């Protein structure tokens, strides 16, 4: 029997596959593409993925190692998913092994045997004679338990992960169980068995003519690849379009992948889908533990999950009968990974839909310029929803000139008056400040010493509650000094204002109102974000203070006043994408106001109210601004009319990365242009000095051909051993 060789993707930083021999003892049954195998790599044993099961051996046979173990379990990748991951690796010029690691839950990256308990679900018990009496008492005295029972009783079975994501606790479950109302059972291992009569549960709205046209267009393209951009103002009913487009897919016993940019949007999305569909739903996000993520992976792979809702990395979930992909808030920068494997989830989802010949839907109120240009040029089907659904009206945006105002704690007199009137009506106020912590810096009022992180040459952020100075760039921490280390003065004071300080000041200004702060610091505890968002929906808080976490897709029907406290920092940047990102954020924040029947108002504080960007957005709206900006981009030969890659390098000394990158520019690349090398916007971070080089071309094909030429030069670069380098294809942030 001839010896068998295979090619394996191994998690090492090398852009190649590795050849191994399959010993006769492990050759039966026949090894398949996508299998997980254990191999020796240097002194280590690692998990690899078989990419080619019938490879040729181009090396001296005696030097080829045997695989050590075949992990014959249910956790292998399909041929389709392997092909997709190879396309991802080629597009981003990234090491194969690292890309394949992205598709594996952490537990599958280990050699140890994996044992999973059978999946369990909660179900309602058969009604007894006293069931209605118990439920009546719950409705009056334990509303949360009653709501939990309503959810469980409307489904054939619902998992603890789903219920936890919706904001319920084990205590509430145990209380219902002790009353004999619910029971926990092992989930039946049924595959692709959701039926049409389980799809339409409740709250199925009558579509507007705009919405109906979009749903019809999607349904007519279910058997082929198509990309649909739904460009709808906030509150226009994009989610209802998603739901009704999903119905036919689920009725065909196919699966749906729904991707949201932030974990904070998962509970809201899950809640809408649970109300509509009585089908198994799996969740994929960073809030799950390792076993929960593996359970999601397995339920998707085996077909017991009809819908998978997840954040960025869910694009790699192994769905064998995937029929539709939905990307909500497609413009959001969170969809782009900014370290290691720098993929864009939206772009890879489109690639996967094309590979599987299925439709993909992109939804947003503020389309990315790339998606908008693709829609305008006819590459995507372009659908617009210009009216808000139901009785809600678009909130009006007004500018407040801070040069003409008396300001207290960052709040203008006009804003404080509007806040008082809104609170007096029993409505909620959202204050947006994209700066967490108590203050962005502290200094000495005698000698002007500034507390700076020595590893980054940037000010420490003051976190008053923790009594710490924290660098938001490298994470280093230090205690607040009792006196100035430069002159000995005790007159050390905060500079500027963050969300923590704003929360404290509001307690003094509005002592009768309950205040909640929602940012990364206040939501670190598991489940805290879901809890706080539910409290806002339940009107337990009247004043909301938050960063961009609050700007993304949340529905707060009683928020009628939204204020952006400091927009000026985003108006001036060397990054050509900064105006696009600021405009998107401003419109998204504004979209939180007046989403129900009550009219909304948006106030934007600025010392530069005459800035053309602000004037254009306020008076003409996002789309007028976007079309103007696209014209400017075309004239300046910038994306989306050209294509870019960003080569980054850092080192312990500033000359090393600059010389490393400059050496690469000495040889021209066919059809490509260089910009740089130049220092990064933040030149020093975590003790490393950073430079970057932009490579630009007029077509993707030319750019990728040039990148291959560039990568071929790197092994011979004399500065290679002194730097770390990385490549970012289609970069969206030059302020790295």
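Numbers here mean position along the shown chain, with the first residue as 1.
Any Cβ shown, glycine's included, is placed from N, Cα and C.
On a predicted model such as this, the values are computed, not experimentally measured, just so you know.
Annotation source TrEMBL lists domain 'Helicase ATP-binding' at 219-385.
If you look up TrEMBL, you'll see 444, 447, 484, 487 marked as Zn(2+) 1 binding site. Around residue 447 (Zn(2+) 1 binding site), a 10 Å sphere centred on its CB holds 12 further CB atoms from the protein chains shown.
Annotation source TrEMBL lists Zn(2+) 2 binding site at 453, 456, 471, 474. Taken residue by residue with DSSP, residue 453 (Zn(2+) 2 binding site) is part of a strand. Sequence-distant neighbours of residue 453 (Zn(2+) 2 binding site) (same chain, 6+ residues apart, CB-CB distance under 8 A): 459, 460, 471, 473, 474, 476.
TrEMBL lists 479-638 with the feature domain 'Helicase C-terminal'.
Summary of the Zn(2+) 2 site environment: with the site residues 453, 456, 471, 474 set aside, the chain residues having Cβ atoms within 8 Å of the Cβ mean position are 454, 455, 458, 460, 472, 473, 475, 476, 685, 686. Apart from the site residues 444, 447, 484, 487, the chain places the Cβ of 445, 446, 448, 449, 485, 486, 488, 489, 491, 492 no farther than 8 Å from the centroid of the site's Cβ atoms, the recorded Zn(2+) 1 location. Shown are the binding-site residues 444, 471, 474, 484, 487; of these, the residue with the fewest other Cβ atoms within 10 Å is 487. Residue 444 (Zn(2+) 1 binding site) sits 20 Å from residue 456 (Zn(2+) 2 binding site), taking the Cα positions as reference. Around the Cβ of residue 456 (Zn(2+) 2 binding site), 21 further Cβ atoms fall within 10 Å across all displayed protein chains. Cα of residue 484 (Zn(2+) 1 binding site) to Cα of residue 456 (Zn(2+) 2 binding site): a distance of 20 Å. Taken together, the residues in the domain 'Helicase ATP-binding' (219-385) have a mean pLDDT of 92 on the 0 to 100 scale.
Residue 447 (Zn(2+) 1 binding site) and residue 456 (Zn(2+) 2 binding site) have their C-alpha atoms 22 Å apart, to the nearest angstrom.
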